[in-house]
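Colleague: Take this structure, written in structure tokens, and hold onto it; I'll ask about it next.
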Amino acid sequence: MAQKKAVTVKGKKATNGEEKPLAKRVTKSTKVQEEETVVPQSPSKKSRKQPVKEVPQFSEEDESDVEEQNDEQPGDDSDFETEEAAGLIDDEAEEDEEYNSDDEEDDDDDELEPGEVSKSEGADEVDESDDDEEAPVEKPVSKKSEKANSEKSEENRGIPKVKVGKIPLGTPKNQIVFVTNLPNEYLHKDLVALFAKFGRLSALQRFTNLNGNKSVLIAFDTSTGAEAVLQAKPKALTLGDNVLSVSQPRNKEENNERTVVVGLIGPNITKDDLKTFFEKVAPVEAVTISSNRLMPRAFVRLASVDDIPKALKLHSTELFSRFITVRRISQESISRTSELTLVVENVGKHESYSSDALEKIFKKFGDVEEIDVVCSKAVLAFVTFKQSDAATKALAQLDGKTVNKFEWKLHRFERSTSGRAILVTNLTSDATEADLRKVFNDSGEIESIIMLGQKAVVKFKDDEGFCKSFLANESIVNNAPIFIEPNSLLKHRLLKKRLAIGQTRAPRKFQKDTKPNFGKKPFNKRPAQENGGKSFVKRARF
């Protein structure tokens, strides 16, 4: 028993600190346990939970129990055995020191410095990140989106985007087509889709005239597309309920050489009437009518330049009981001067008059260079002679006389200047030129008076008479006051233009563009309250 106690005492001393290897072995096991438990506590970025390794813990009591079990084995009670046991303990302690020193070096290498991540943890993170990257979660979604985008792009390829604006300069004319007879309302994409099947479009230019008719210039990338459109059947050029009219644009100068201007046609004539009338002498390519409904003019384009002389023979012929005028559009206007040109006043208010009849009368006095029949409210025609003596004779013999039941009033042509002319308004129907001369003779010398129904234009020879004439404003002529204002030719021109445009549109009260709240109940806006004023009180309606 004494020997067993001695062995146990030596074992306890070794564990308590006298024998350092045993104590160091215990501390090493606890240190490894701390490191192995601390490292898993720093979770990775991918997975925050990791299994904690369980390491068996050895205490001093367990080691003592193990040694006691070893001591209980049979042996001799001699001193040799005790020395041998002590030697064995020393050898084991030395081996433990070597083993622990190696472990300490390995542990020193495995110890983490501040801010350092363990290699095993980084490897786990890399493996986890690789697993996450290889996970087929987003790849099918990206493939579907790319497939959907490709399908959308294929659908959009059916109706290409076309630049809307002026056709670029330098575009060959064999790549451009002119489209007319468009419906009043249509979609841009429908028009593009209709012509895109013939070829790739490069530009599209829209036009709208004063009558509201729409037309389009379409430019193709190649001439084959334009040729395909020109050769297409009407069924392939149908937009809505309209069959589009397609032609190739021509040179403006070339068109003018094949075009004649027709005047005095009247406001009720149509394009078909003119086309039928001129096709009696030559093929007609196109007919257009000006928007001025008071004094409209027509432009007839023939198929060939050689047919122009045939069309000019229709000048001064009768169309629907009206004598029309026909001349070249490129005809240079003859310069009118006061020495050679006489103005024939439209006393009879004729809407048309035969130029041949006028020529028969005026050629008695000399060679006539031009007779321009106008048939406006004030002027019937301008007669230009080749010599000034012929104009003087005609003015002296015809002015104020009646020939062939026609009252002639002539005066020399003067450039229209409103510098010394006044406009007299509010005249009665029985007012005459003599009545106005009685009023304005006191102002100054009168050059001319032109009666225009309830209006009159009085022109003075000097500025003094023009200035004094305004003193006669509100004078009484035939029991009615007259009103005087400067005669502005620009004003008359603008008023006529507005009147012509207004007649082609609906009455103002039916125009939606002039009334933004058309058809809506009016909104009575509450007046703003002033600072310090009384609050608004809405009154009851009775």
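Cβ atoms are placed via backbone N, Cα and C, with glycine included.
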Colleague: Write down the residue from S64, S101, S129, S145 that Swiss-Prot flags as phosphoserine.
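Modeller: That would be S129, per the phosphoserine annotation in Swiss-Prot.
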Colleague: Of the residues S245, S355, S443, S535, give the one that Swiss-Prot describes as phosphoserine.
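Modeller: That would be S443, per the phosphoserine annotation in Swiss-Prot.
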Colleague: Can you tell me which of these residues Swiss-Prot lists as phosphoserine: S215, S304?
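Modeller: Checked Swiss-Prot: the phosphoserine annotation sits on S304.
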Colleague: Quick check on the record annotations: which of S29, S44, S78, S153 is tagged phosphoserine by Swiss-Prot?
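Modeller: Candidates were S29, S44, S78, S153; Swiss-Prot attaches phosphoserine to S44.
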Colleague: According to Swiss-Prot, which residue among S59, S118, S142 is annotated as phosphoserine?
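Modeller: Checking Swiss-Prot against S59, S118, S142, the phosphoserine entry points to S142.
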Colleague: Can you tell me which of these residues Swiss-Prot lists as phosphoserine: S47, S120, S335?
Modeller: S120
Colleague: Over the domain 'RRM 2' (258-331), work out the mean pLDDT and round it to an integer.
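Modeller: Here the mean pLDDT over the domain 'RRM 2' (258-331) amounts to 89.
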Colleague: For the domain 'RRM 2' (258-331), what does DSSP give as the number of helix, strand and coil residues?
Modeller: 16 helix, 22 strand, 36 coil
Colleague: In the three-state scheme derived from DSSP, which category covers S443 (phosphoserine)?
Modeller: coil
Colleague: May I ask which residues of the same chain, at least 6 positions away in sequence, place their Cβ under 8 angstroms from the Cβ of S443 (phosphoserine)?
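Modeller: Those within reach of S443 (phosphoserine), by Cβ under 8 Å and sequence separation of 6 or more, are F460, G465, F466, K468, S469, L471, A472.
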Colleague: Give the number of CB atoms, excluding that of S304 (phosphoserine) itself, located within 10 Å of its CB.
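Modeller: So the number of other Cβ atoms within 10 Å of S304 (phosphoserine) is 12.
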Colleague: Could you give me the DSSP helix, strand and coil counts for the domain 'RRM 1' (175-251)?
Modeller: 22 helix, 27 strand, 28 coil
Colleague: How many of the residues that make up the domain 'RRM 4' (420-489) does DSSP mark as helix, as strand and as coil?
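Modeller: Grouping H, G, I as helix and E, B as strand yields 19 helix, 24 strand, 27 coil.
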